[in-house]
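Engineer: This is the structure I want to talk about, given as structure tokens.
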There are 2 protein chains.
Amino acid sequence: MAEHPRVLCKSLWNKIMPAEAAAAMISTGATIATSGFTGAGYPKAVPLALAQRAVEDKTRGKPLRLNILTGASTGPELDQALALTDSVAFRFPYNGDATMRERINTGAAEYQDMHLSHAGTLVRYGYYGKIDFAIIEVAKIREDGSLVFSSSVGMNTAYLDMAQKYIIEVNEWQDERLEGMHDVFNVPGKHGDRKAIPVMKADDRIGTPSMPIDVSKVAAVVISKLPDRNGAFKAPGEDHKKIAQHILDFLDGEVKAGRLPNSLTPLQSGVGNIANAVLVGLNQGKFENMTSYTEVIQDGMLDLLDSGKLRIASATAFSVSPEGQERFNKNIDRYRKQIILRPQDVSNSPEVIRRLGCIAMNGFVEADIYGHVNSTHIVGKGIENGIGGSGDFARNSAYTIFMSPSTAKDGKISAIVPFATHIDHTEHDTMGYVTEFGFADLRGKSPKQRAKEIIEKCAHPDYRPILWDYFKRSCKSPSAGLQSPHMLKEAFSFHTRYLETGDMRPKK
Amino acid sequence: MAEHPRVLCKSLWNKIMPAEAAAAMISTGATIATSGFTGAGYPKAVPLALAQRAVEDKTRGKPLRLNILTGASTGPELDQALALTDSVAFRFPYNGDATMRERINTGAAEYQDMHLSHAGTLVRYGYYGKIDFAIIEVAKIREDGSLVFSSSVGMNTAYLDMAQKYIIEVNEWQDERLEGMHDVFNVPGKHGDRKAIPVMKADDRIGTPSMPIDVSKVAAVVISKLPDRNGAFKAPGEDHKKIAQHILDFLDGEVKAGRLPNSLTPLQSGVGNIANAVLVGLNQGKFENMTSYTEVIQDGMLDLLDSGKLRIASATAFSVSPEGQERFNKNIDRYRKQIILRPQDVSNSPEVIRRLGCIAMNGFVEADIYGHVNSTHIVGKGIENGIGGSGDFARNSAYTIFMSPSTAKDGKISAIVPFATHIDHTEHDTMGYVTEFGFADLRGKSPKQRAKEIIEKCAHPDYRPILWDYFKRSCKSPSAGLQSPHMLKEAFSFHTRYLETGDMRPKK
């Protein structure tokens with residue numbers, strides 16, 4: 001029996017074992033549900049050991065095939081290693097790893113892309129069958145056996161509620177002083193048991209700092225010391241700065257019109273460089289005393305907390321650069337008062353988002369001229385990541401803004417197209433598009449009125465004439481009435497041209 | 001000054017006037033926001049008078065053009081009369097009238113089709129500008145000036161909150177004993193003011209039986225005696241009965257698997273004959289002590305209340321046949337204990353729907369092989385009605401079921417297609433398709449796994465070979481990876497074939 005300074009519950013000392021021993025408990029065909037959201041707080045040692053075992057299993061003709069449920073994306077020790085060894089039969093609800101993506105797009109792994117607020121809920125309803133193991137990374141196990149999560153909460157509460165057995169990874173790399181930052185609140189799966197989620201403002205803490213568990217379910221405790229893996233952010237490029245400025249100008253207009261207070265309403269921003277550029281812009285802007293009710297704390301949000309522009313940040317995970325991580329650890333005692341980490345069915349709760357009237361800002365892959373948005377699929381390539389929380393926020397926020405540069409691949413791909421090749425957000429859910437060229441305000445507009453706004457304000461000038469041509473000819477000979485005029489034979493003509501010539505623009 | 005037995009607030013007696021006088025107050029360019037949801041509780045006398053005036057205005061070269069916001073659909077005195085006279089510049093958030101539909105599809109009127117839970121909310125946010133008049137039908141005005149709504153609540157609360165002036169239609173045709181059936185609860189538009197909507201079970205009353213108003217805003221009180229207009233229901237046809245049976249079998253399986261109690265969870269069912277067939281089936285089935293949290297009370301729901309199978313029905317409106325109306329009036333004192341009429345931002349609240357874990361059953365126009373659903377647009381024709389509340393329920397319920405016969409037009413149109421020509425519900429929101437051939441359970445499945453289930457269980461046998469052909473060839477030469485395999489040049493081939501030959505099936 002080994003003791004460990006971060007395993008304060010003595011009855012668990014005899015469960016401490018090497019990652020390989022814990023991984024050995026998991027049989028092929030198992031469904032495992034893990035912690036992890038962005039590259040934060042995912043288990044590292046056990047998945048890596050599992051993948052290493054998979055190599056040997058394969059050589060013996062007994063391939064390891066698992067169903068893997070997570071909070072959202074994870075890091076290379078989990079998604080990359082298990083995808084690399086072809087160990088993933090089914091993946092849910094989000095993936096951001098390139099190797100896993102390749103396996104999904106070649107059909108080697110099945111993937112269900114799901115709204116993040118739903119992931120744990122659906123598991124709790126029993127729709128994913130028996131969960132054999134929850135593999136959860138923690139910063140510490142308390143005396144009473146309750147778990148102090150690490151740099152994300154994700155779906156930990158649901159998965160611990162539903163799993164038959166637990167494997168707990170205690171990660172010494174995670175700062176123990178994360179304790180007190182989490183706000184653990186359980187949304188019951190049993191119908192009839194759910195009450196209101198009592199978050200009335202972004203600041204509200206409604207739960208407990210650690211999660212009580214049935215310690216008899218703990219099959220293994222593994223000690224690790226592996227860092228989270230989140231990439232660096234780029235300094236905003238010119239286009240990203242322009243996008244950010246259009247959003248700031250729009251919000252300023254809303255304040256002037258009396259529709260928003262100067263502190264705005266709680267901000268949600270997706271992950272990535274454009275979102276970070278918006279946060280940088282907000283830090284240089286005029287709004288004060290802001291709050292954030294979002295999924296992920298990025299570097300730009302730490303800047304806002306540091307400057308005092310942002311009063312509070314509610315999220316479910318971190319996605320900070322290595323530099324951001326250093327800054328975070330240095331100031332963790334202050335950040336603990338400013339940051340709340342919630343389960344993703346609370347951070348992304350439609351109930352709370354609608355109540356707060358959030359400002360949702362998410363990227364798009366492509367968007368059509370009538371207001372439908374593709375967040376996931378890239379033409380000629382396949383699925384990129386997944387819808388993530390963008391649907392949770394876009395469907396319920398007071399402002400639902402989608403942003404992207406107007407073109408990709410040196411202008412060869414237009415982000416504005418006649419018909420999107422995959423639709424994740426419908427015309428009923430989108431209120432604004434923004435590109436480096438401008439902000440298309442879609443509120444209170446019919447599809448045809450939107451088309452004019454979108455083509456003129458957002459499309460790249462190279463594409464405006466061919467978008468106008470499509471729209472005008474569609475209005476003259478529509479396949480299906482004039483509410484959403486289309487010419488079905490040409491609806492994907494931009495895409496098929498790109499697939500044939502490498503450029504969405506016709507040859508001159 | 002005239003008194004009236006249903007206008008108990010004496011200070012309003014001097015506002016009683018003919019419909020024509022009230023209509024005369026409304027100028028061209030105005031935005032009017034009315035009561036009404038399905039053919040119930042919409043104002044009748046003033047819209048009719050407005051349309052009659054529009055004819056004369058037109059002959060004088062001063063056409064009347066209005067922006068019209070309602071709860072949902074209305075009756076002929078409103079939508080038909082105003083569309084007929086070309087008086088509608090903009091319509092929001094739902095239409096079910098054939099004449100208005102024709103104006104929308106020819107481009108004479110602009111239409112924004114919106115989730116019904118959002119309609120009032122967006123108006124409260126100020127996105128539709130100044131609301132000149134709220135025109136609200138009531139059963140009675142109480143001594144304190146508060147309004148006893150009639151056969152729907154719809155967006156009355158939001159529109160009365162936001163309008164500059166009110167025109168109140170007191171409809172003597174409506175039974176005064178509706179008083180006590182409404183549950184008026186205001187969801188504030190001001191950010192920061194919203195609290196939880198405290199409906200914890202379908203039975204909960206959280207508001208008041210009438211709505212207090214600022215009587216100084218009342219510009220006119222008009223007495224009318226015009227009936228609501230709702231069509232008769234057909235006895236379920238064979239296909240509808242089969243669809244209903246598949247749903248009952250599925251629910252039975254869920255009870256047996258322990259995922260649902262024998263009383264199920266609160267039922268939501270869309271409007272129409274298929275939905276009514278499901279209700280008929282439930283009345284003959286084994287489930288007891290059920291509840292309903294839905295938009296509309298239909299005849300089938302009255303049957304369920306009468307038989308005692310259904311304990312409580314929460315909705316925002318009635319849509320009962322003339323026979324159903326008679327039965328309703330006869331038993332109104334009992335129904336008042338069993339039926340709760342709520343504002344549609346409560347009846348359709350994502351917060352409440354998710355909390356209750358509703359069973360959502362809505363019709364579809366067409367659905368693709370990967371889980372995307374078109375609820376609104378018919379190929380070669382245009383928009384039919386609108387998304388209504390189907391998105392509110394599909395996005396948040398514990399069960400989201402979409403139902404339709406597998407074909408239309410004597411088999412010439414397949415309801416299952418490779419790619420839907422309009423998408424209202426995405427793959428992330430749909431859990432089950434049902435046709436007369438079977439129930440496709442989409443839960444926990446990737447798009448490719450769904451395709452197999454959908455083609456085999458739901459498609460008409462005539463269409464299975466060509467759907468399989470599309471799917472299999474798409475998997476061999478996908479335009480965009482194997483997550484959602486498509487051949488973009490053929491994605492709409494069923495539709496273009498139909499437009500060219502009148503049949504989605506290729507000629508033999």
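Note that Cβ sites are derived from N, Cα and C of the backbone, with glycine treated the same way.
Feature list, courtesy of TrEMBL:
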- A:Glu295: active site, 5-glutamyl coenzyme A thioester intermediate (ACT_SITE)
- A:Asn385, A:Gly389, A:Lys409: CoA binding site (BINDING)
- A:15-222: domain 'Acetyl-CoA hydrolase/transferase N-terminal' (DOMAIN)
- A:324-470: domain 'Acetyl-CoA hydrolase/transferase C-terminal' (DOMAIN)
Engineer: Over all shown protein chains, what is the count of other CB atoms within 10 A of the CB belonging to A:Glu295 (active site, 5-glutamyl coenzyme A thioester intermediate)?
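Structural biologist: I get 32 for this one.
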Engineer: If you measure from the CA of A:Glu295 (active site, 5-glutamyl coenzyme A thioester intermediate) out to 10 Å, which binding-site residues from the list A:Asn385, A:Gly389, A:Lys409 are inside that radius?
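Structural biologist: Checking Cα-Cα distances against A:Glu295 (active site, 5-glutamyl coenzyme A thioester intermediate), the binding-site residues within 10 Å turn out to be A:Gly389.
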Engineer: What whole-number distance in angstrom separates the two most remote CA atoms of the CoA-binding residues A:Asn385, A:Gly389, A:Lys409?
Structural biologist: 26
Engineer: With helix taken as DSSP H, G or I, strand as E or B and everything else coil, how many residues of the domain 'Acetyl-CoA hydrolase/transferase C-terminal' (A:324-470) land in each class?
Structural biologist: 48 helix, 37 strand, 62 coil
Engineer: Return the count of C-beta atoms lying within 10 angstroms of the C-beta of A:Lys409 (CoA binding site), excluding that atom itself.
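Structural biologist: Its Cβ shell of radius 10 Å holds 10 other Cβ atoms.
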Engineer: Using a 10 Å radius around its CB, how many other CB atoms surround A:Asn385 (CoA binding site)?
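Structural biologist: Counting Cβ neighbours of A:Asn385 (CoA binding site) within 10 Å gives 20.
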Engineer: Give me the count of other Cβ atoms within 10 A of the Cβ belonging to A:Gly389 (CoA binding site).
Structural biologist: 27
